[in-house]
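> Can you keep this structure in mind? I'll have questions shortly.
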Amino acid sequence: MARTMRSRVVAGAVACAMSIAPFAGTTAVMTLATTHAAMAATAPAAGYAATRYPIILVHGLSGTDKYAGVLEYWYGIQEDLQQNGATVYVANLSGFQSDDGPNGRGEQLLAYVKTVLAATGATKVNLVGHSQGGLSSRYVAAVAPDLVASVTTIGTPHRGSEFADFVQDVLAYDPTGLSSSVIAAFVNVFGILTSSSHNTNQDALAALQTLTTARAATYNQNYPSAGLGAPGSCQTGAPTETVGGNTHLLYSWAGTAIQPTLSVFGVTGATDTSTLPLVDPANVLDLSTLALFGTGTVMINRGSGQNDGLVSKCSALYGKVLSTSYKWNHLDEINQLLGVRGAYAEDPVAVIRTHANRLKLAGV
């Protein structure tokens, strides 16, 4: 049983890695062309997303600004925001690294924020982080509060990820202890090769530990935020925080496509609410759809409840929660893979565009 489960996890991890790689079939490209044409035909008025301060999009685990300098992490999102009047920058941090510490993603993001401010003449930025990018954004808001106007987190594991716990437990079964270092070495190379800048600052084991529920609790103690609810409550916190006299607007949303179903002999089933059963094209065109359904099922059986395949609803709650009802998996949240998503999934590009307008109306 344990061996079978581990095999499934390995298969799911391989599928996830493959899904992130820069490739697309002809059918997927045709679908994307149609989608972009429809978006252009219904585009809001110019200036709709013109926020007062620049927006910085912050990628999560395994990310970069453009994979191998070609495939955007935030697929089609930066362009859409720019077309609607926003000033948008995309951070390029270590794909595999912790958020704190001198080599951490937080310090990397802080340096990038200062670069953007120097280039634009702005005094603050709006940080929008996906997955681990939300934790990196919180770091900057904590250590340099005067540089931040708002923090928005999308599918961020503020309480850690049950799947990260699971992977850590599986690696602990190895009596030699070699598997962790060997796998980490391969993952680090993957991070270097896929980074647009071939960033060598990669530490897969540190990244894994950062995303566990235990380490997340420590991170929250070291970098507290009013946007967090009480530990274990599955509640969000305040919609704003004031740090050193600087007020930050705090927002979050998340996908919860993976929902628990019936339990049989102690094993809980799951369903992907984003797709048509069996026949949805996303199951074929986007390998991450089935992979994240598998990882989400593992999470449910570790008590996570509804999730996006990597982050639970409860873990994603932060600040003013705009929605936890999107029928998205973890990659749908950033319009991946290549804009392909399940038949019932909402348009993430439109959601982020609307949020930029929300920030504009809030005066930031």
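Glycine is treated like the rest: Cβ placed from N, Cα and C.
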> With Asp332, Gln336, Val340 listed by Swiss-Prot as binding Ca(2+), identify the candidate in Asp286, Asp308, Asp347 belonging to that site.
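Swiss-Prot lists Asp332, Gln336, Val340 binding Ca(2+), and from Asp286, Asp308, Asp347 it also lists Asp286.
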> Of Cys16, Cys234, which cysteine does Swiss-Prot list as the disulfide partner of Cys314?
Cys234
> Closest to Asp286 (Ca(2+) binding site): which of the recorded positions Leu61, Ser131, Gln132, Cys234, His330, going by Cα position?
His330
> Which residues of the same chain, at least 6 positions away in sequence, have a Cβ lying under 8 Å from the Cβ of Asp308 (active site, charge relay system)?
Gly155, Ala254, Gly255, Thr256, Ala257, Ile258, Leu292, Gly296, Ala316, Trp328, Asn329, His330, Asp332, Glu333
> Have a look at the binding-site residues (Asp286, Asp332) and report the one with the fewest Cβ neighbours inside 10 Å.
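Each of the binding-site residues Asp286, Asp332 was scored; lowest Cβ tally within 10 Å is Asp286.
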> Could you check the recorded positions Leu61, Cys234, Cys314, Val340 and say which one's CB has the fewest neighbouring CB atoms inside 10 Å?
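Comparing Cβ neighbour counts within 10 Å for the recorded positions Leu61, Cys234, Cys314, Val340 gives Cys234.
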> When DSSP is mapped onto helix/strand/coil, what comes out for Cys314 (disulfide bond)?
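Assignment for Cys314 (disulfide bond) reads helix.
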> Do me a favour and check the Cα-Cα span between Gln336 (Ca(2+) binding site) and Cys314 (disulfide bond); whole Å is fine.
23
> Fewest other C-beta atoms within 10 angstroms of its own C-beta: which of the recorded positions Ser131, Gln132, Gln336 fits that?
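Across Ser131, Gln132, Gln336, these recorded positions, the one with fewest Cβ atoms within 10 Å is Gln336.
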